[in-house]
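S.K.: Next up is a structure, given as structure tokens.
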Amino acid sequence: MESPNHTSLDSSVFVLMGIPGLEQFHLWLSLPVCLLGTATVVGNITILAVIATEPALHKPMYLFLCMLSTVDLAASFSTVPKLLAILWCGAGHISASACLAQMFFIHAFCMMESTVLLAMAFDRYVAICHPLRYTTVLTDTIIARIGVVAMMRGSILMLPCPFLIQRLSFCQSHVIPHTYCEHMAVVKLACGDTRPNRVYGLTAALLVIGVDLFCIGLFYSLIARAVLRLSSHEARSKALGTCGSHVCVILISYTPALFSFFTHRFGHHVPLHIHILLANVYLLFPPALNPMVYGVKTKEIRERVVRVFQKGQGTGLKALE
């Protein structure tokens with residue numbers, strides 16, 4: 001018979017603490033969070049609007065960028081509203097079902113983003129190493145299928161985690177020392193054998209981060225070999241220039257993710273607030289910076305955005321006249 005101290009997940013209410021040890025700075029920390037959230041919404045909607053309204057940008061590279069912006073927006077909406085509620089007014093209470101839903105969507109969207117980044121690396125590989133086959137390999141049908149695979153991969157890999165957590169009992173504190181319902185932060189509160197949760201979580205992370213990073217590295221090694229074979233310095237610079245934005249986005253996305261992953265599992269002496277800050281950097285910075293990187297480094301997008309603002313300024317001046 002189950003102990004009366006054991007609580008089923010269905011009747012549970014969790015409390016998200018925010019950033020333990022930095023409670024006095026929560027209001028100040030909300031400022032960069034608010035700025036990053038605003039930049040995410042404005043930047044990614046701008047990217048989507050520019051690509052949607054410019055027929056010349058209806059190419060594989062930009063369609064993949066639309067996928068990335070869509071995933072970034074969805075991931076931001078899954079975290080930022082609750083995070084700001086915690087930092088502004090300490091509204092950390094969250095029902096078990098809402099916690100599991102947030103956990104599923106946050107991790108699933110991160111997996112989808114990784115798949116899209118892999119697809120973008122493949123796009124650059126085909127464009128540079130097999131330019132004559134580019135339009136036949138990356139057709140609209142293939143791009144649509146890649147988008148479906150990215151969505152299904154993230155959803156299917158993450159789907160078992162909420163069910164594995166539902167079988168657990170929570171006989172200790174329901175206070176989650178985190179800003180969102182991170183998988184391992186919730187698992188650590190459970191009683192009983194949590195090894196299946198830990199093993200599956202680690203396996204899913206390795207299947208995504210490990211496999212995708214290996215494939216991205218393979219594609220770029222083939223790209224580097226092809227570029228080095230070019231005789232013209234100008235041709236080499238142009239080929240590498242087309243990869244610059246994607247490489248920056250990869251560094252922005254995977255660097256904090258790897259730091260968060262390794263410190264969470266092996267950095268036992270790292271203070272808890274550092275763990276949580278790294279986890280938030282991983283979720284907040286890439287969606288805000290990705291559109292800036294592509295907006296600055298991609299000539300076609302930059303020129304289109306400039307034209308839109310110039311047209312807006314011209315309309316404003318005419319109205320004043």
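Indices start at 1 and increase along the chain as displayed.
Every residue, even glycine, has its Cβ placed from backbone N, Cα and C.
Taken from TrEMBL, the feature transmembrane segment applies to 25-50, 62-88, 100-122, 142-165, 204-228, 240-262, 274-294. The domain 'G-protein coupled receptors family 1 profile' annotation in TrEMBL covers 43-294.
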S.K.: So are the transmembrane segment (62-88) and the transmembrane segment (204-228) touching or not, going by 3+ C-beta pairs under 8 A with a sequence gap of 6 or more?
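M.R.: Contact criterion not met.
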S.K.: What parts of the chain pack near the transmembrane segment (142-165), using Cβ distances under 8 Å and only residues at least 6 beyond its ends?
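M.R.: Sequence-distant neighbours of the transmembrane segment (142-165): 9, 60, 63-64, 67, 71, 100-101, 103-104, 107-112, 115-116, 119, 183, 186-187, 190, 196-197, 200-201, 204, 207-208.
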S.K.: To what whole number does the mean pLDDT across the domain 'G-protein coupled receptors family 1 profile' (43-294) round?
M.R.: 88
